[in-house]
Each structure stands twice: as structure tokens, then as C-alpha cells.
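Engineer: Structure in C-alpha cells, see below.
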Amino acid sequence: MTALLEIGSVGRAFGGVYAVRDVSMAVAEGETRAVIGPNGAGKSTLLNLVSGHLVPDHGTVVYGTGDGARRIDRLAPHARARLGIAVVFQAARLFRGMTALENVMVGAHARTRHGFLAATLRLPRHRREEAAIRADALAALDRVGLRDWAHRSAEALPLGQQRSLQVARALCARPRLLLLDEPASGLRAAEREALARLLEGLRGEGMTMVLVEHDVAFVARLADRVGVLDLGRLIAEGTPDEIRADPAVVSAYLGAEPTP
Amino acid sequence: MSAFVQYLISGIAVGCGFALLAGGLVTIHRVTRVVNFAQGMFAVVGGMTAGSLLARGLPHGAAEAAAVAVTGAVGLAVGLAATGRRGTDARAALIVTLGVGFLAYAVEIMIWGDGPRSHEGIGGAVTLAGAHIQKQSFLVIGVTAAVFALLALFFGRTYLGKALSACASNPYAARAVGIDVVRMGLVAFALGGALGGIAGVLLVPLQPVSYDSDVLLITNGFAAAVLGGLDRPGVALAGALTLGVAEAMVAGYGEASYQTVVALGLMLAIMTWRASRRSALQEEAAR
């Protein structure tokens, strides 16, 4: 398997304290990779270093396969999005004042090529593109179970569905690499199950995913491989079964969450 | 009756000028969350540039178009100064636009002097219901209608317009879906500059402008724009027309020097009323 994403000993400090320290990780094309760890382990920071919302102090992030592989660690987030990287944030980062459908349609921005003039004058070329994106957005909404909400306001959605809407927005970009930041947090049992099924479906289609998660049980059923972060360092890497048997992981988790 | 019609139409024409200015404010605020206090300056520069080009023998149409192109470029420059650095806070950018506006005074005085200037628009007048109305008024109204139709279409109906709005709504997520937020902001500033320029070239034949006319223009434009929370072009248009007509009536039947007081009073009332509601500015602060 060739690597689609190769993180090479990246580090990022905030005020002299390292949130991520010398982490290296290779994610193969089509793989579902989970990154777990206790709170404050640096999981979200690592994800932001890949999405571009943070720039590493040192180290490299290489994205792409074969001749298409290139360093992306200095690129702005929007440029990375145009290379096929999509993100689902933990917080509900939606576009307020727009309908659910419009939110998802904006998600396709990374793969559109249109001019302001064509858009304002509603030239045929632009109308065709818009119709195609609308169809894609409706399909994405359907997939996350929000088809009925399409023309309603996005911010009025319950929290769980706001997460689903973000997934639909990311899917509308037809990403090559999907980054998910604690997608199951704050969800009720039924919502978690629906999300897990959705991610399993994407995995079956060969989508490459990096999934940052607090909940070990949730990732065990989804991930091909799991990386474990603790205090900004990668302390273990392997299949879910290997990880559960790893003494370093057990102690990191026990250390972070003392038994009552 | 004829006096009333005359005040009404000239009020609508001046209100259209305010509306174009407010349209620029709304466009820039919708995309960048920056309140651009240099907006009145665009109109002054536009009007004066058109006048100079006409004096050099450029024909009508070409001179005005060139002046609007110039203000578009000035808008881009203001945008670069105010928001060009990634991650500039919208409130800091507001102060930059205020500073640029004052700096422009010096440049304008060096180029055009400190007296009021004017140029010919489309000459002539028509008589309507006994009222004597300049043809230029109808030009202002027609152009404004077209501009606002395009703005409404662009922001409301096209998904590129939605992408522009997304920049202000959630810049973090906008970047993640591939939108170059800084570039979109600069596009908005250039568009705002052009709208200000259009207001300038159309208004100058109706009322002469000097370097400090921007204060009057921005006061009225801002009063109109704030009615729609600085985000809705349609509401801003309605507000601007109301202001224009109210001021024309005050000047016509009362005292001309009270007309700015009307604008300021209305703006204060709206802002006080809006302060009790959840405005776009508060949402920004709450995020």
C-alpha cells in the first residue's frame, strides 16, 4: 500500500509547551486511521497540522501518491482543501444564516472553477455546474439522513445533526482524505450508531480517513490502524487489538483517568 | 404639488446615491465583517476623477467608467491595507479604514484642491406634474436599480455569493472548504470601491463635492446600511431612499442645514433599537 499522507516528525508548541512533539505517521490510501489519546494529548493539534489551520514549528507533512506527492505543511487551509482534504470539526462550524442545503453546496467550493462574471450573469456553464453541485449536495444530505432538512436553517438543527451536516458538507467536496475531529463526541447512542454506519460505508468505498477520537470502543470497530498520543508524543501504533494489549497505552489511559 | 414631486424625485435620486454607498458597506461587511469607513472617500475620489478626465476631453461614459475602475483599484488598496495580513481582526481593520480615509484628505487636496468641484452629467431637465426635474436624477435611479438587482441576484441566488457570505459567517470553516478568505475579502473591497465610485460619478452633477464630503456620504450610507444589520442590501436600499426623501423634504419645506441632523438622529435611533436585539456585530463578539 502506498502512503497518501506522510507526517514526518512534526512538532508544534504553544507558549513553549509542546502540544505535538516529533510525531511521525504514514496513512495508506484507503486506510482508516484512528488517533486516540487522553484529553490534551495533542490529537486535535495534529489534525490541524494536516488541515492547515496550524503550521508546524518543524517537521513535514507530505500528501499525495507517486509523482503527485508534495509537501503541504506550509500551504494555507484553502489550498489544501483544493488538493482534496476535507475536515469535519468537533465544534459546529456551520455557515449561519444559510439553509442546510446551501451549507453543503458551499462545501463543493474546493472543486469548482468558476468566475464571478459567470455566476452573476448566470451563464449556462455556471448554471450547469450549479445544478450538478445541488444534486451532489442533496445526495450528501440524503446520505447523512438530512434530506428533509435541506431547505431549513442550518443553525436550527440539533447538535447531533449539525455534526452530520458537517459530514455532508465534507462529502460534497468529494475529498480524497477526510479528517474527522472527535465526530462521536456529544452524540447520543443512536446518533453514534448512525455515524459509525456512515463511516463504515465510506470505508467500504475506499475513502482514506483520519479519525481523532477520545472513545476507544468507537474507533476499535472502524479503524484499520490506531495511533496513540500521550502528552504530544506517539506512544504506540498498531491494529486495534494490538493497541488494547499494549501496556504503555493502558498506563497512559489509566494515568489520565484515575479510577474512583 | 409640483414642489412636492420635485423634492420627492430629487430625494430619491440622492437616496440612491446613499444606497450605492450603503451597498458597498454591506458588500464589504458581509464578506469581511469590516465596517469600511473609507467608503465615502471612494465616492469623492470617483466624482473628482471623473471631473478631471472630462476636463481633459474624455467623452462621457468613458470618463465615468475609468473613474469607477480607479475607485475599484483604490478599494482594493484599502482592502490590502486593512485586511491583507492573514488573521487581521475586523475591529482593527475598521480603524485602518478610518485612518486611510483621513490620509486620503491630504492626497485629494494635493490633486484637486480644497474647494467643491462638480462636472456636467447628462444635461437637461424634464417637467413632470409641474415639477422641474434634472434628467441626471433619472440616470441615478436607473443605475441604482440595476446595481441592486445584480447584488441581490449575486448574494441571494448564486452559490459563489454564498461562498462570499460564508467567509464572514465562519472564516475557519470557509478556509476548510477551499475558500481563500483573504482573497474574497479583497474582491469585496474592490467591489465596494467600484460601488462608491458609481455613487460619486452619478451624484457630483447633482451636488458638488469637496474632499470632506465623505463625512456626509458615509453618515447617510452607514445609517441606511445599519438598518439591515450591515448585511442586507435590500433593507439598506429601502433605508437609503427613506433618508434621501426625508432629507429632501426637510431641506425643501424647512431648513437645509437640518438635513444631516435627520440622518444622524435616525442612525442613533436605529442603533439604539438594534442594540437591544441580537445584531451581526454582537454575534461576531459572541463567537
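Yeah, the Cβs are placed from backbone N, Cα and C, and that goes for glycine too.
All annotation found in TrEMBL is predicted automatically rather than curated by experts.
TrEMBL lists B:6-27, B:34-55, B:61-80, B:92-112, B:138-160, B:181-204, B:256-273 with the feature transmembrane segment.
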Engineer: Restricting to the same chain and to residues at least six past its boundaries, which positions have a Cβ under 8 Å from a Cβ of the transmembrane segment (B:34-55)?
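Structural biologist: Distant Cβ neighbours of the transmembrane segment (B:34-55) are 17, 20-21, 24-25, 28, 62-64, 66-68, 70-71, 74-75, 78, 82-83, 90, 93-94, 97-98, 100-101, 104, 108, 111-112, 117-120, 185, 189, 192-193, 195-201, 203-204, 209-211, 213-218, 221-222, 230.
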Engineer: So what's near the transmembrane segment (B:181-204) in sequence-distant terms, Cβ-Cβ under 8 Å and 6+ beyond its ends?
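Structural biologist: Cβ under 8 Å, 6 or more out: 14, 16-18, 20-21, 23-25, 27-28, 30-32, 34, 36, 39-51, 64, 67-76, 78-80, 82-84, 86, 117-119, 121, 136, 139-140, 143, 147, 163-164, 167, 171, 174-175, 217.
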Engineer: Restricting to CB pairs under 8 Å, which listed stretch, B:6-27, B:61-80, B:92-112, is in contact most with the transmembrane segment (B:138-160)?
Structural biologist: B:6-27
Engineer: Report, as numbers and ranges, every residue of the chain located at least six residues beyond the transmembrane segment (B:6-27) whose Cβ falls under 8 Å of a Cβ in that stretch; write 'none' if there are none.
Structural biologist: 35-36, 39-40, 42-43, 75, 128, 131-134, 136-138, 140-141, 143-144, 147-148, 151, 188, 191-196, 198-199, 202-203, 206-207, 217-218, 220-222, 224-225, 228, 230-233, 236-237, 239-249, 251-253
